[in-house]
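Q: Once you've had a glance at the structure underneath, I'll fire off some questions.
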Amino acid sequence: MYSQTHQQQHVIMNGGQAHQRFGMQMKFQTQNHHPHPAQQPHHHAHHNQPPQHVGHQHNFSSGALASATPHFTPSHIQNGTHTNIDEELDESMNEHWQQQLQLAAESRQASSPHYYARAVAQQTKGIQIAPSQPEAQENGVNQKNGITKTKPASRQGWHALDFGGQGLRALAPSLFKYAFLEKLYLSHNKLKVLPPQIGQLRKLTHLDLSANDLTELPEEIGMLTNLRHLLLFDNNIRTLPYEMGYLYRLEILGIEGNPLEDVLKSLIMKEGTKALIRYLKEEMPVHVPPPARDWLVLDETAATSPDKVSVLSYNTLCDSSATQSHYGYAPSRVLSWEFRRETILNELRAHDPDIICLQEIDQGSYNEFFREQLAYSDYKGVFWPRGRAMGMQEEDAKGVDGCATFFKGSKFILLDKQVINFGQTAVRRPDAKGQDDIYNRLWQKDHIAVIVFLENRQTGSRFIIVNAHLYWDPAFKDVKLIQTAILMEEITKHSEKYAKWPPCTDKAAFRFREAQGEQTMPEPAPSAEYASGDQIPLFMCGDFNSSPGSAAYNLIANGGLIEEHPDLEKRMYGNLSKVGMTHPFKLKSAYGAIGELSFTNYTPDFKDILDYIWYSSNTVHVSGLLGEVDKDYLQRVPGFPNYHFPSDHIALLAEFSVKGKKGKVVEADFGPQRN
C-alpha cells in the first residue's frame, strides 16, 4: 500500500522515469461500488491449488474508483469526442457487449497520469494507518506488557503498480522481476510491443494495456493463468494468440476499440469472454514438442554390468480426475482418456524399462488396455485397486484407480505379490484400540501400496518392488506420515519373509522363446540367498505427495522419526506416535544424486516434487537418470497435462547396478577328499 507520505518512488522504466508504487488492502475499500454487471464466479482449480491472495484485490471499475471519480455517462468521452453507444447497444442488446462498452468508456476516462494510484490515495485519505515503526525489541523479539512475542516475518506490503498515462514506449526488464505483482496498469502509453517476459508475472489478476499502440500479444500471455481482468481497449490488435486459451480464470477481456478479426469479435460480442477463451483453447494447434529429456549417465562402467535394472515410476492421472474443473487450462482433447492413454503407452514403450510402476490406473484401463498392450512389449503385470472397490458392483469397480506394476517377463520371475491397504492395516494393529484418530482420519483414506518380489532369471538376483500412492491433502500431514510408517513396517515384515524364500529349482521351465524362434540362452545362475531382509535390493516407487524435507520424506531417508513428531499434531496413532517410527533400510532417492528434479508435478498453481524412486543404497547404486523437462519449453506452458505430457505428473526413470556379491557365500560341497 501507499507509504504514509504517498511519495515512495522507484526508477525502473522508460530510461529513468519515476513511478509510484501502490497496493490497496481490502479493509480500505469502500462499499459504495459503481454499478457493474455481475462477475462470473471464480474457477475452482485442482485440489493442489493454494489459497488465493484476496487481501489486496480491488476491481478496476468499482471500489476506489466509485468514490474517486465523478459520475459520467457512457456516451461522454474525456477527450471531448462523443460516440453513439446507444446505437451500438441497439444492434446487439447483449449484456456481454454492453459491459465491454461501459468498461471501455471508463478506461478512456482514466487517461490522466497514475489515475488508479491517485484514486486509491483519494479513497484512503483520512484513514488512520497503524505506525510502521517496530516496537522496542530485545534479543530479536518484541517486548510489550511483559509478554514475549515472536517477531513477525516480513511480507510484501504492496501488490500493484500504476504506470498509466506516462507516455512509455518501452518496459525495462527489471519490471518483470516483481513476480509478486497482482495488478499492473500500463494504460494510456505508447507501447508498441509487450515483451514476452510478461509471462513471469504469474500472480497477476489484473492487467491493463488499454490505449497503447499494440498490434499483437506474445504467446507468453498464456502463462498468466490467474488473470481475471485483461484490458486491451483502444489498441491495434487484429488477432489473439491461441495461448490465451490457457486463461481459464479470465472474467473480463476488454477488446473494444481494436480492429479484431470478425470471428473473434463476433464470439465475444454474442457469448462473452468465457466463450472466446474456450474457443481459443479448443482450437489451439499442437505445438512443436519439446526436446527429449536428457539421459544423464552417472556411472559409465555400469553399461557392461551383467546385473543392471531400469525402473520407471509414473502417476498417470486417473480418467475420473482429469476434469475441466481441475484442469480448466487444458483442451478437452488433451483431457480425453483415449488420447492420454495412447500418449502414456507410447512413452512407456519409448523408454522400455525393465520395471514400470504406475499410479492412478483404474481397474478397467488396466484390464482392458494396458495389460494387453504392454504384453506385446514383453511385460507382465500386477494390479490392485484402492480399498473402495471392495463391495462394489463389477461395472462400478472398473472406475476405481489403484497401482499397477509391470515387469519384463523374459527377464524376471514373479515370486510373490502383496497389497498394503494403509487404513485397514492400521485398524488391525494391536495398539489401535481406543485410538480415535486411526479411525477418524486414517481408516477413511483407502490408499494402497503394491509389493512384488522378483528374481532375475539369468543372474539370480532378487528384488523387492514397491509401488505406493499416498494421500494428497497438505492438511493431513499426520495421515501421510502414518501411511509412510505403516508402509515401511509392512515392507520390513515382507522382506524378512523373502530373505527365507526358497530358491527356484527348475529355471528350465522359464526359458524364453523369441518371436522369431528358439533363442540360445546362457545357463541361469542359482537363486541368490540373503542373510536378512535389508540385504535384498529394494526399489520403492510412487507418488508420496510429500516434498523433500517433509516428515514422510525424512522417515524414509533417515530410517526413523522421534515420537510425538510435530507433524502428528499430538494426534494418537498408538505406538507409532508414542514410541516413534524406524525401519532398517538404507534408502536414498535416485534423483538425490543430482539434487532432485525441479518438479515432478506441474500445474499453474502447484509445482513441486512429490514422486520418487527410492533404492536401498547398500545393495545397488544409480548409474543413469532421465533428466529435466526443457526449461525453454516451460516458458510457454503454464501446466500439465497438455499434448506432450499426458498427466500433471512426469515420469521418473532410473537405471541401477547391483553391487558386488549378493547375499550369503555358499561354499561348494565336493564330497569326501583324499589327503
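Placement of Cβ uses the backbone N, Cα and C atoms for every residue, glycine included.
Note that the coordinates shown come from a computational prediction; the quantities given were computed from them, not determined experimentally.
Quick paste from Swiss-Prot:
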- 30-82: region 'Disordered' (REGION)
- 33-47: compositional bias 'Basic residues' (COMPBIAS)
- 134-153: region 'Disordered' (REGION)
- 180-201: repeat 'LRR 1' (REPEAT)
- 203-224: repeat 'LRR 2' (REPEAT)
- 226-247: repeat 'LRR 3' (REPEAT)
- 249-270: repeat 'LRR 4' (REPEAT)
- Glu360: Mg(2+) binding site (BINDING)
Q: For the repeat 'LRR 4' (249-270), could you work out the same-chain residues 6 or more beyond its ends whose Cβ comes under 8 Å from its Cβ atoms?
A: 39-40, 42-43, 92, 94, 96-97, 99-101, 103-104, 107, 210, 225-240, 276-277, 279, 328
Q: Let me know how many other Cβ atoms fall within 10 Å of the Cβ of Glu360 (Mg(2+) binding site).
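A: Its Cβ shell of radius 10 Å holds 24 other Cβ atoms.
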Q: Short question: which residues 6 or more past the ends of the repeat 'LRR 2' (203-224) have a Cβ under 8 Å from it?
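A: Residues packing against the repeat 'LRR 2' (203-224) from afar: 53, 57, 60, 104, 107-108, 111, 159-160, 164, 179-197, 230-241, 243-247, 254, 257, 635-636, 638.
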Q: I'd like to know the mean pLDDT over the repeat 'LRR 1' (180-201).
A: 97
Q: Where does Glu360 (Mg(2+) binding site) sit in the DSSP three-state scheme?
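A: Assignment for Glu360 (Mg(2+) binding site) reads strand.
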Q: What does the DSSP secondary structure composition of the repeat 'LRR 3' (226-247) look like, as residue counts for helix, strand and coil?
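A: Result for the repeat 'LRR 3' (226-247), in helix, strand, coil order: 5 helix, 3 strand, 14 coil.
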